[in-house]
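Colleague: In case it helps, Swiss-Prot gives these features for our protein:
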- 49-139: domain 'ATP-cone' (DOMAIN)
- 3-34: zinc finger (ZN_FING)
Amino acid sequence: MRCPYCQEFESRVVDSRSGDDGSFIRRRRECNACKRRFTTYERLEERGLLVIKKGGNREAFDRKKILDGIARACEKRPVSMEEMENMVASIERELRDLYEHEVSSKAIGEMVMDRLQRRDEVAYVRFASVYRQFTDLNSFIKTIDQLKQR
């Protein structure tokens with residue numbers, strides 16, 4: 001594994017832990033050259049799953065897109081990277097259990113919103129505003145009112 005700081009190829013594993021659901025391994029590594037530490041994640045490569053976009057286009061499932069969306073929604077919120085990784089792992093596992101070959105982007109978005117709503121309401125509203133394409137203040141108010149009623 002190449003060091004992200006000095007680009008050295010040689011590093012040693014300092015600590016390894018399974019994710020909460022066992023779908024990935026988190027490894028702390030130390031670079032042999034610069035001695036800085038960094039984290040890597042290892043997971044099993046799964047069978048191909050296609051995502052059907054709103055316009056009907058199909059593209060390969062990319063868990064990084066889900067993680068990036070969750071990370072943007074959780075920016076400056078008390079949600080750790082490990083929690084975000086666990087959310088993505090949970091979503092990916094559910095998708096692979098429910099769908100064999102293809103899944104709609106709408107189904108993925110709903111799963112993300114469900115998990116964010118349970119974890120952090122501000123992150124949920126942030127994600128929903130982009131996912132549901134809020135165009136005015138009333139859209140935000142309606143979503144917040146729905147959260148208050150739960």
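From the backbone N, Cα and C atoms, a Cβ is placed for every residue, glycine too.
Have a look at these and tell me how they're positioned relative to everything else.
Modeller: Secondary structure of the zinc finger (3-34) per DSSP (helix as H, G, I; strand as E, B; remaining residues coil): 0 helix, 16 strand, 16 coil.
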Colleague: With helix taken as DSSP H, G or I, strand as E or B and everything else coil, how many residues of the domain 'ATP-cone' (49-139) land in each class?
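Modeller: Its residues divide into 58 helix, 9 strand, 24 coil.
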